[in-house]
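All remarks here apply to the structure that follows.
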Amino acid sequence: SKSTGEHTGKPPCAPLGLGGAPGVCQGMWWGGPGHSPADPEVGDGVPRESSPFITNADMDKGIIYEGKNMALFEEEMDSNPMVSSLLNKLANYTNLTQGVIEHEADEDSKRREIKAPRMGTFIGVYLPCLQNILGVILFLRLTWIVGTAGVLESFIIVFMCCACTMLTAISMSAIATNGVVPAGGSYYMISRSLGPEFGGAVGLCFYLGTTFAGAMYILGTIEILLTYISPSAAIFKSEDGGEAEAMLNNMRVYGTCIIALMAIVVFVGVKYVNKLALVFLACVILSIIAIYAGVIKTAFDPPDFRICLLGNRTLSRRNFDTCAKFTKIDNKTETTRLWRLFCDSALLNATCDEYFSLNNVTEIQGIPGVSSGVLIDNLWSTYSDKGSVVEKRELPSLTGTEETKVAGLPYVFTDIMTFFTMLVGIYFPSVTGIMAGSNRSGDLKDAQKSIPTGTILAISTTSFIYLSCIVLFGACIEGVILRDKFGEAVNGNLVIGTLAWPSPWVIVIGSFFSTCGAGLQSLTGAPRLLQAISRDGIVPFLHVFGHGKANGEPTWALLLTACICEIGILIASLDSVAPILSMFFLMCYMFVNLACAVQTLLRTPNWRPRFKFYHWTLSFLGMSLCLALMFICSWYYALIAMVIAGCIYKYIEYRGAEKEWGDGIRGLSLNAARYALLRVEAGHPHTKNWRPQVLVLLNLDSEQLVKHPRLLSFTSQLKAGKGLTIVGSVLQGIYLDKCVEVQKAEENVKSLMAIEKTKGFCQIVVSPSLRDGVSHLIQSAGLGGMKHNTVLMAWPQSWKLTDNPFSWKNFVDTVRETTAAQQALLVAKNIDLFPANQERFSEGNIDVWWIVHDGGMLMLLPFLLRQHKVWRKCKMRIFTVAQMDDNSIQMKKDLQMFLYHLRLNAEVEVVEMFENDISAFTYEKTLVMEQRSQMLKQMQLSKNEREREIQSITDESRGSIRRQRHCSPQCVGQDKQVLAQLIHDRNTASHSAAVVQANAAAAAPERVQMTWTKEKLVSEKHKNKETNLTGFKDIFNLNFTIADRKMQNCYQYFERFSCLFKPPPQPQKNKTRLQNHLKCIDY
């Protein structure tokens, strides 16, 4: 029963493990399906006497128990005898899929409520599967397949196809017994097991297969009608053109009429189709019995069907009756009609066909019988080209000196070229229909028992019928008749009908009604399958086909089905339509096996099928066999079917509705992600695999909206969907108070990520302080090896405002923590002016000022940007700085060679500057930093001491820059004096040489050189700490107007560039220095 208690008359139970005793409902009442405790329509309809112990006052109350069977469990409590009950069930037999609604809603709903739960394995599963599997191919093509491929290869074809369906049935039984399968059948099973993308793709393929199956059945019906029942009903005659072309045109005309008629019948009401279901089933069963009875009869009394041969060539007996060249009438030798077909006149001296003149006409028995030994002759294959004459190769034949023309002569010709793989494609539709039971699981009394049992028994029965028919046909019928597709050698009779007993008309009439019924059932089931897919809402453009009439009939889906079926009718050849629907059915069966294999291997807790006789290896074998059969049948049809399914899959993935069905693909993705994370965790990524894995820090306003949306635009342009992107933000407060705001912020960020096409993850953190929240994000964002290595944030524009005194401190703390975490930091200034994803630069430059060697990070960022459409047409320029006495030409060549080895295309520009502008920041920082690190290691300083020494050197270098920049003469003089005094104070206790150097710097302001040696660093280690700190304060407490002018002079080149990358100076360590540092960068 459903969990909501609807349609079952039972209150909902708590699921297992959600409180209370498992599987126990308190206050539960038991009753029949569809009845409430007060429902007056009760029981099985058999009145019961009231209890004598119930008083008159309680009589009305006692009525509700009337006719009720209050047993806790009942097996089969039929009041009718067994024979009567069986006949009643057969009378109510239906082969329609679950979910069909009749016109007489009230009456039929009551009838179904009583009837549906009573359907057992035999009536509900076995017979519908038997009727769907045994069909048109058995009656019209199986004898031809045996004659063409031989008994051995035909046995292989049938065995492969039956093994495929048996393995699929095992997988389907496991899936069907893992839960209730409502209307939709195979689509429901696949979509709920593999997800909406696979389910929609395979469901539509199954729908197309069912629709083309209807076309195939209708073409079979017309072929039986025009070839074996009433050949005179043909509209187009062979005299009007070729015989094959006339037959195709007749197929198209009659097929269109029959489709229209069947569509009207289905539109008016499937009740009429339902009433004929038993007739169609009886036709199939009686035809099978007639075949076996005919085989038994041939053992002692073979039927008299003689075939006429000219040499070893089979003759068509449609245009003559006597199998001889001459006949004697009144002792006179006269020519026969056969003579006149091969000669130009009826005279004995007429000019005749050379082959006709050289060979004799013989007549042999067409059905010699099961004990004749003809099986040996029919063991091997006899493939031929299109237009070849059907020959009995065991007989002698004289061909003559010249190749005679056979066109227009009464031979039996092959209409298509035959080969093994083509026969597989034609035969496979005869084993489809195995899902007839699973499609109707809701109508079964015990679906979890009936579906596996009935389906497997039906497949076993039909497999035995097919395999035995192959052997019996090869043992009873002559090979040339088996290869005669349309029975021309046996007076136009159906070949399989010549074997049947008591009359060939049993097979002809039975196959005609059987194919009619199968066509009606296809036109009934296919629209409902499309309606089930449409109502799921996973394919937006199919939404209109989910609607129908007031009673639920899928009118629009029926119209589309009839139009698609008309395409198959216009093809007009059963042999051409069969491989098409084979592709779609094979793809459906392949994904049923895949669904079972995936669910079994994942071992999800919900995977608990009652059918236990399955294994993932069987499912995998079935899936492989389906895939192999697809390419065996027709490799180009297989590719087309896969392309169609792939297009539908991608369409659902991008445009379809989001569905969470707990499917196996999601579980498979989680397992794959876990495996990959564990593998990535094993080691650090190689340099070749390095790419920026970005943590984007967003600021939100009071409405939880993103302040700088262009930060996500820049991220998507930088990443282009590759690598890891984590979009994080911090809300200040307590999580218990901010739960709603967190959800709102997460929705806003995700929606903006979707708009900006930023593929990544969103993470909102609530923390008492913004600084701690950002720190937590930097430390803990990501999982395992999928952690960020780069932090991207916007420049804090409000750091100068007095109402936000901690903005600058939070920013610098973020810079420090990013550095401590050994991660790269990207700070986007004026981010709101950056281009959106829709903009396109037709020209422009991306400039990199490569002042400090950073391992190539500044080179990589422009390269990644240029991969995006926004920046693709921009050029990359590299700027480096040289001293006046450097060889700038050689530096440019070296940098160009460096870019060549990096495989980057960029223009190189060398900017020459005075040494007093650049020496401390570039020369001391870039060219000598490696030597300093080596010296500090040799001095065996601790890590903190090395950092302190490097910081002091860097700080003094920056002080030197600020003092030596061009300004007014008065300012220059003051700077020289302070710098000279500072250097004098720092070096007096250790080295007089340093004092001389400082004095020289004061005397020659154009050239300031700070050279550090090992001895000087050793002496600096033992200096007075107070003097050191005083010196630093003297430098950084200077009026910053000097630095303002100097930074303007240094960065005057940056103003004309569209995009600029430059390395910022290191952050300082006290409040005054931090403010000065931010002013320097902000400038």
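Cβ atoms are placed via backbone N, Cα and C, with glycine included.
Curation plays no part in TrEMBL annotations; they are all automatic predictions.
Database features, via TrEMBL:
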DOMAIN    125-298  domain 'Amino acid permease/ SLC12A'
DOMAIN    416-695  domain 'Amino acid permease/ SLC12A'
DOMAIN    825-960  domain 'SLC12A transporter C-terminal'
TRANSMEM  119-142  transmembrane segment
TRANSMEM  154-177  transmembrane segment
TRANSMEM  198-231  transmembrane segment
TRANSMEM  251-270  transmembrane segment
TRANSMEM  277-296  transmembrane segment
TRANSMEM  416-436  transmembrane segment
TRANSMEM  456-482  transmembrane segment
TRANSMEM  502-520  transmembrane segment
TRANSMEM  556-574  transmembrane segment
TRANSMEM  580-602  transmembrane segment
TRANSMEM  614-638  transmembrane segment
**Asked** When each of 251-270, 277-296, 416-436 is checked against the transmembrane segment (119-142) for Cβ pairs under 8 Å, which one has the most?
**Response** 416-436
**Request:** Could you give the residue numbers and ranges of same-chain residues that sit at least 6 residues beyond the transmembrane segment (198-231) on either side and whose C-beta is under 8 angstroms from one of its C-beta atoms?
**Result:** 135-136, 139-140, 184, 186-188, 190-192, 247, 250-251, 254-255, 258-259, 262, 429, 432, 486-487, 492-494, 497, 508, 511-512, 515-516, 518-519, 522-523, 525-526, 529-530, 532-533, 536, 538-539, 561, 564-569, 571-574, 577-578, 580-581, 583-585, 587-588, 591, 595, 641, 644-646, 648-649, 652, 656, 663, 665
**Message:** Below 8 Å between Cβ atoms, which of the listed ranges 416-436, 456-482, 502-520, 580-602 makes the most pairs with the transmembrane segment (251-270)?
**Reply:** 502-520
**Fill in**
Quick tally over 154-177, 502-520, 580-602, 614-638 of CB pairs under 8 Å to the transmembrane segment (277-296) gives the top stretch as 502-520
**Prompt:** Any contact between the transmembrane segment (580-602) and the transmembrane segment (416-436), i.e. 3 or more CB pairs below 8 Å with pairs at least 6 residues apart?
**Reply:** yes
**Message:** Ranking 154-177, 416-436, 502-520, 614-638 by the number of C-beta pairs under 8 Å to the transmembrane segment (456-482), which range is first?
**Reply:** 154-177
**Fill in**
Across the domain 'SLC12A transporter C-terminal' (825-960) the predicted model averages a pLDDT of 73
